Structure formats: structure tokens, C-alpha cells
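Please read the structure below before turning to the comments.
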Amino acid sequence: MVELRLIGFDVLRKVRMPRKTGGGFLKVPVALREDATPFVRDYRAIPHQLTLGATLSGKSMFLRHLIAGLARQRVALVGIDCKRGVELAPFAPRLSALATDPVQAAELLPVLVGLMEDRYDLIKTRQGIAPSTPDEEITSDIWGLPEDERPVPVVLLVDEVAELFLVATRKDEERRDEMVTQLIRLAQLGRAAGIYLEVCGQRFGAELGKGATMLRAQLTGRVCHRVNDEASAKMALGDIAPEAVGAACAIAPERPGLAVAGDTSGGWSRIRPPHLSLADAAAICRDHAHLVPDLPALKPFRPDMPAVPVSAPTSLLKPLPAVE
Ligand SMILES: Nc1ncnc2c1ncn2[C@@H]1O[C@H](COP(=O)(O)OP(=O)(O)OP(=O)(O)O)[C@@H](O)[C@H]1O
């Protein structure tokens, strides 16, 4: 096996990093395969993805690469991180919205569904307009809209998805059921509206509750880091690339970041992202804060900006002039 750790950003840098809407738009080179070719997360080819792994397996590092890659593009980034935002808050300057607990998530998700429905209305309106040129095709998604009418794509990042499913009371249960229904709708219909899901967690099986397996079936891109048992690897890969389950179970704890990526073609590969520090990823988000698109519906959910760290503390005391 090629030592994935030794191959770094140089290979990934060679992959085109688009800033606006060119050919590589919505593609993020995020890791390297064993044969040293880049593994590229391509949202238009595989709209929704599920990334699973035990604690300390490398999920955050993987997500960090995705965010750093998307931050440079004309995309709205929306986060749900019910671990009080500890994973996603460092990227706040580049986030259009952030929910840090299930109550906020329950407010944010219907807004995203509303955004999706508005985009469907826009597509329908355009279908009713006579084509301006003979070769203009009827569109069924945002990509066929004229560029000046096309809404900005939205990537919804959900960290530790199980937190959304946990319930203690009957009221929690109702809220959970609504959120799961909204996530399933976004996964079923989001692609045409340019809304993509990136879901991460430790496990994602039927034991999470109603709707979990239905939602998982819609997340057709799969990345499985080291897991604690075969059942977890099967949750990630069993339904799409069963032969990859054994490879995922063989990932050793001393190789954090190593993962098995599969998709509905049945193909799979071992991948590993290069190391990217949280500080560097957060700096990329700060540097690209001006790319946060104007989406009025999401304004109430815009996160507070973390204070920019200063390199050295400044003394407020003025030194007295030295007197001989
Ligand atoms: N590709 C990688 N190369 C080198 N080190 C890595 C890689 N991925 C992860 N690590 C290291 O492994 C440790 C755990 O990684 P990470 O925080 O991404 O795991 P995690 O699955 O998100 O854990 P948790 O669920 O507990 O948050 C970190 O110290 C990180 O620096």
C-alpha cells in the first residue's frame, strides 16, 4: 500500500481549485487514494454523502478539508453541529448559518426546505417561459437556469447526526420526527435545487429511530473511517459496496484519517487526506468571508464571529522614558 501520509498537498494542489462557477465548480480534492490519485468530492455527481467513523478516526479532518475547499467557491455553507458548535464554530466567518443544538436545528431545517421549494417555483416559472434561442433546453434543475437567475448552491454540513435523533421527552420526539422528515425531503429533492447534504457521525443505523435508514439510503456517497465494530462498517458501506466492509474493519487505530470511500457504482478505494490544522482551515474561512452569499432567509442563523486571535498580546502600559 502506498504510504498515504507521505503524499501531501502537492498532489492535491495540482487539481484545479475553482473560485466561481467554472468546470471544477463544486468539486473538492479532499484526499489521496492508494495509487496517489486525488479523491475528489464532486457534489454534482454525488449530491449527498455520509461519513462515518469512531471517535478519533479522522472525521473532523475530512470535514475540515471539505469546508476549506468549499470556502473558496461561490457556495453557501450551512452547519448543524449539536455538539454546541465545537466542530463547526471555528469556520463561522464563512458560514451562512449555524445551528448548535436540536432546537436551533429544528428552526433552521424548515427554512432550508422553504428555500428549496422557492427554487422549484423558480424552475417551474422558467419552464413556462418561451425559450429565447431555438437550442435552449427546458430545465428541470437550477443548472439549466440562465446564470444571472441561478441561485447559489447550498451545502448543508451535519456533524454528529445522531444528536439530532436523540429524544428524552414526547416533545423531543415530535421535533425529531419533523427534522428527520425535513432532512429526507432535502435529500430526495435537494439536488435539483442545488442543495447538497454532507452528513457525519459515528453510527447511522435503524437504532437511531424512525426515518434513519430512509435518510441513509439517500446519502449515496459513503466514506467509512475506522469503526468499532463490523455493524458500523456495514451501516456505512454494506448496502452500496459490501466488499468494502472488510477493508473498513481492517483500518488500524494508529492510522487516523485512513478511510474507505464507496459509492453506488459498487466501486471503492482507500483514501487519506493530508494533515490540515484547524487553525489553517479556520484562516481559509476567515480569508474568504467575503464570499458568504446574500441569502436573506438564512440571515437570522448567521453565527457570531469568533474573535480573531492575535499573534502577541499588546501591552496597554506605555513605557516611561528612561531618565539618566
Ligand atoms: N489524515 C490524517 N493525517 C494525519 N493525522 C490525522 C489525519 N486525520 C486525523 N488525524 C489526527 O487524528 C486525530 C483524530 O482526528 P479527528 O479529530 O479528525 O477525529 P474524529 O473522528 O473527528 O474524532 P471525534 O469524533 O472524537 O471528534 C487528530 O489528532 C488528527 O490530527
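Every residue number used here counts from 1 along the chain in the order it is shown.
The backbone N, Cα and C atoms fix where each Cβ goes, and this holds for glycine too.
If you check TrEMBL, you get these features:
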BINDING   GLY53, ALA54, THR55, LEU56, SER57, GLY58, LYS59, SER60  ATP binding site
DOMAIN    36-234  domain 'FtsK'
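Taking every protein chain shown into account, ALA54, LEU56 are the binding-site residues, and of these the Cβ with the most other Cβ atoms within 10 Å belongs to ALA54.
Counting every protein chain shown, the number of other Cβ atoms lying within 10 Å of the Cβ of THR55 (ATP binding site) is 8. Local packing around the binding-site residues SER57, SER60 was summarised as the count of other Cβ atoms within 10 Å of each Cβ; on this measure the leading residue is SER57. Sequence-distant neighbours of GLY53 (ATP binding site) (same chain, 6+ residues apart, CB-CB distance under 8 A): LYS59, GLN202, CYS224, HIS225, ARG226, VAL227, ALA259. Within 8 A of the CB centroid of the ATP site residues GLY53, ALA54, THR55, LEU56, SER57, GLY58, LYS59, SER60, the other residues of that chain are GLN202, HIS225, ARG226, PRO256. Every protein chain considered, the tally of other Cβ atoms within 10 Å of the Cβ of GLY58 (ATP binding site) stands at 24. Mean pLDDT for the domain 'FtsK' (36-234) in this predicted model: 93.
Around LYS59 (ATP binding site), taking its Cβ as the centre, 25 other Cβ atoms fall within 10 Å, counting all chains.
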